[in-house]
Amino acid sequence: MTERSKEPGGTDAAKQGFQNPVAGFGVTFKAMFKKRLTEQYPEQPKTTAPRFHGRHQLNRHPDGLEKCVGCELCAWACPADAIYVEGADNTEEERYSPGERYGRVYQINYARCILCGLCIEACPTRALTMTNEFELADSSRANLIYTKEQLLAGLEEGMVDSPHSIFPGADEQDYYSGLVTHAAPGTIPQRAVSKGEKPDSDESGRGGVPEPSAQRPGAAHLGERSGS
Ligand code: SF4
Ligand code: SF4
């Protein structure tokens, strides 16, 4: 017998000295069969939950006019004071939304935004919603202030970029009732005078508003409704 095994508790200490490393390797061995938590971002971007609160979007009506009416309710609802809105009046020569007002300036500061979603709850026209986009980091604070041009939704089929005239025969309520489903045939974008562009002087003088006769065929379903 050796000196060591004669010590009180010597057998237990030797047993433990053998068991501990085995137990440690056991943990490693079990982990080999568990689901891996490592994500290969950004090579394999993460898919978010469908209702994930990401970057905002300013939506359009089906004919391309903007849904935002410049009411500032989203800015007042924001607990982080991250939204800045300036509303302005539409004119027949430069119309951005179907109603009286539109959002001329719209900014969201993502250095402040906590993506809580209170602003989209406050919006009365569903102009403001949130996308699933979460890649918002930037090295410059100025770049984190998103402008209306960055936030405005892209054009889908049947849309014409704002500003342009309202669908002939339609009013603002028709837009919210879903009666306007596309831009009227012949609709062309107006010149944005408020943005420093000059309206064409050699064209019809209507500031890009199509002639009423050219608009009528596209207004068939609205005409039927209003005439009933
Ligand atoms: S998500 Fe929240 S913090 Fe961000 S702009 Fe909207 S209300 Fe403000
Ligand atoms: S996004 Fe909605 S709440 Fe905000 S100014 Fe436009 S219409 Fe009003």
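Here, residue 1 is simply the first one shown, and the rest follow in order.
Glycine is treated like the rest: Cβ placed from N, Cα and C.
According to TrEMBL, the feature [4Fe-4S] cluster 1 binding site maps to Cys68, Cys71, Cys74, Cys123. Taken from TrEMBL, the feature [4Fe-4S] cluster 2 binding site covers Cys78, Cys113, Cys116, Cys119. The compositional bias 'Basic and acidic residues' annotation in TrEMBL covers 194-205. Annotated domain '4Fe-4S ferredoxin-type' per TrEMBL: 58-88, 104-133, in sequence order. Feature annotation from TrEMBL assigns region 'Disordered' to 186-228.
Listed in sequence order, the residues Val69, Gly70, Glu72, Leu73, Val85, Gly103, Cys119, Ala122, Pro124, Thr125, Ala127, Leu128 complete the 8 Å Cβ shell around the [4Fe-4S] cluster 1 site centroid, once Cys68, Cys71, Cys74, Cys123 themselves are left out.
Listed in sequence order, the binding-site residues among Cys68, Cys74, Cys78, Cys116, Cys119, Cys123 whose CB lies under 6 angstroms from an atom of ligand 1 come out as Cys78, Cys116, Cys119. Counting residues per DSSP class in helix, strand and coil order gives 5 helix, 9 strand, 16 coil for the domain '4Fe-4S ferredoxin-type' (104-133).
With a cut-off of under 6 Å between the Cβ and any atom of ligand 2, the binding-site residues Cys68, Cys113, Cys119, Cys123 reduce to Cys68, Cys123. Excluding the listed site residues Cys78, Cys113, Cys116, Cys119, the same chain places Cys74, Ala77, Pro79, Ala80, Ala82, Ile83, Ile108, Ile114, Leu115, Gly117, Leu118 with Cβ atoms within 8 Å of the centre of the [4Fe-4S] cluster 2 site Cβ atoms. Of all the binding-site residues listed here (Cys78, Cys113, Cys116), Cys78 has the Cα closest to the Cα of Cys123 ([4Fe-4S] cluster 1 binding site). When pLDDT values are averaged over the domain '4Fe-4S ferredoxin-type' (58-88), the model yields 97.
For the pair Cys78 ([4Fe-4S] cluster 2 binding site) and Cys68 ([4Fe-4S] cluster 1 binding site), the C-alpha distance works out to 16 angstrom.
Ranking the binding-site residues Cys68, Cys71, Cys74 by Cα distance from Cys113 ([4Fe-4S] cluster 2 binding site) puts Cys74 first.
For the domain '4Fe-4S ferredoxin-type' (58-88), residue counts in helix, strand and coil come to 5 helix, 9 strand, 17 coil, using DSSP. Cα proximity to Cys119 ([4Fe-4S] cluster 2 binding site) (within 10 Å) is found for the following binding-site residues from Cys68, Cys71, Cys74: Cys74.
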